[in-house]
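Chemist: Questions regarding the structure given below will be posed in turn.
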Amino acid sequence: MPKVIYPGTFDPITNGHTDLIERAGRMFDEIVVAVAYNPKKQPLLNLEERCELVRKATAHLPNVSVTGFSNLLADFVREQNASVILRGLRAVSDFEYEFQLADMNRRLAPEVESVFLTPANHLSYISSTLIREIASLGGDISEFVDPAVTEALQQKFSES
């Protein structure tokens, strides 16, 4: 089975992300969760914090590794000797953007395939953006994220 790269910002990782990683772990020998650093984005959590939270949320999965990256995804996939990019599709609205990304990645790295998974129904409405919003207003996010994420966001918002 090929190695798969699951890229994302993961600001923060949610149970929806973890569900996709768990399911991909049954399909592929090795999953590399690639936490993106994009200087054009202003994430709530820095790259190290995001990587650490992904590690904690996926610690129960023996075939998952976590690394940060800041270069072109097609180049990163090649550096990792992977042949598949995993992406999640929550709704039809995600499809057009993901389709464009897959086409561009195919142009840049023709040997790499993109695979799309949909989340479990009970997780399809969860997004990192919503989690940050709820947490910033003091809401309970524990149902939607790993306990380490709940703790990290509570701490982050109590500092501000």
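Cβ atoms here come from the backbone N, Cα and C positions, even for glycine.
The ATP binding site feature in Swiss-Prot is assigned to Thr9, Phe10, His17, Gly88, Leu89, Arg90, Glu98, Leu123, Ser124, Tyr125, Ile126, Ser127, Ser128, Thr129. The substrate binding site annotation in Swiss-Prot covers Thr9, Lys41, Leu73, Arg87 and rests on sequence analysis. The site 'Transition state stabilizer' annotation in Swiss-Prot covers His17, and the record cites sequence analysis as its basis.
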Chemist: Check the Cα-Cα distances from Ser124 (ATP binding site) to the binding-site residues Lys41, Leu73, Arg87 and tell me which is shortest.
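Modeler: Nearest by Cα distance to Ser124 (ATP binding site): Arg87.
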Chemist: Need one number for the substrate-binding residues Thr9, Lys41, Leu73, Arg87: the maximum pairwise CA distance in Å, whole number please.
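Modeler: Taking every pair of listed residues, the largest Cα separation comes to 19 Å.
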Chemist: Within 10 Å of each Cβ, count the other Cβ atoms and name the one among the binding-site residues Ser124, Ser128 with the highest count.
Modeler: Ser128
Chemist: What does DSSP assign Arg87 (substrate binding site), in three states?
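Modeler: In the DSSP reduction, Arg87 (substrate binding site) maps to strand.
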Chemist: Which residue, of the binding-site residues His17, Lys41, Arg87, has its CB surrounded by the fewest other CB atoms within 10 A?
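Modeler: Each of the binding-site residues His17, Lys41, Arg87 was scored; lowest Cβ tally within 10 Å is Lys41.
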Chemist: Are there binding-site residues among Lys41, Leu73, Arg87 that sit within 10 Å of Glu98 (ATP binding site), Cα to Cα? If so, list them; otherwise say none.
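Modeler: So the list reads Arg87.
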